[in-house]
Amino acid sequence: MDRLELIKRNVQEIVTEEELEGLLNKKETPRAYVGYEPSGKIHMGHVLTVNKLIDLQKAGFKITVLLADVHAYLNRKGTLEEVRKIADYNRRCFIALGLDEEQTDFVYGSDFQLGAEYMLNVLKLSRAVTLNRAKRSMDEVGRAMDDPTVSQMVYPLMQAIDIALLEVDVAVGGIDQRKIHMLARENLKSLGFETPICIHTPILLGLDGTKMASSKDNFISVDDTEEEIYRKFKKAFCKMGDVEENPILALFRYHIFPRYETIVIERPEKFGGNLVYNSYSEMESGFAEEKVHPMDLKNSAAKYINEILDPVRKVLL
């Protein structure tokens, strides 16, 4: 897999691919970033962007991870002291998941977002962005707000200035970040900054086939125990032969196959013995043809996800 193919793997959108190709031709070591609001446990939805950062490192990028403690504070996720502690937990999780620590700069928002230069640029940007535009950007990231605070309207402006002052070439995020990233692309040039390239990953469904929500217990946290993961997978949605919006297949596609060249679905000999797959498309076809039972797929997924998360558990003990 060449450099560009690695970057494009498992992404929903690149804005724009032409600009990305130009960047790769111009810079040997470009810089990409993701900002994480430290507001709770890291789950497999977050890990999707971590996987993309690992791909980018393999493609020669230097990575910046913004641990956005000020953003979390503005978004009412706790005191600055509380979110700083969660940010440190996030950092340890990301390293345990495979980010090369030597090729990653971890930056706390509070280290640079409270300075005069930063705030002046936020104020300049606020003159160019309407209130409705800022609100629409935030509605995509979280739940729609009927009565937002001023701090929540400042949030997307800060995210755009983060991209500028961290001096990154590429902004990475889930597709829910698209409106904020487009705000940055449309306005940073007028403030004297470069226009960022944006890479967006899909939003994964919860294990029950609906949107992930802590109240539903339908997602995998990186510090879940082995027993918890097997329990969650056992009751996960996985209809026989159905490859559309199948959360178990999605875990294989986005989390397992990028880390393993070969996947073995273990089965007793009386049910045909083990199945070996060398690509996700091969596995998807096998499941569509009902060659794989949903429970065998679930058990195999749980086994591999536990292997991936085992280093995280060891770090957090």
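Note: Cβ is positioned from N, Cα and C throughout, glycine not excepted.
The candidate list Tyr33, Tyr304 contains one residue that Swiss-Prot assigns to the L-tyrosine site with Tyr155, Gln159, Asp162, Gln177, namely Tyr33. It is 211-215, from the ranges 6-10, 51-55, 211-215, 226-230, that Swiss-Prot records as motif ''KMSKS' region'. Neighbours of Tyr155 (L-tyrosine binding site), defined as other CB atoms within 10 A of its CB across all chains, total 23. For Gln159 (L-tyrosine binding site), other Cβ atoms within 10 Å of its Cβ number 24.
Helix, strand and coil content of the motif ''HIGH' region' (38-46), in residues and according to DSSP, is 3 helix, 1 strand, 5 coil.
For the L-tyrosine site listed in the record, the two most distant Cα atoms among Tyr33, Tyr155, Gln159, Asp162, Gln177 lie 17 Å apart.
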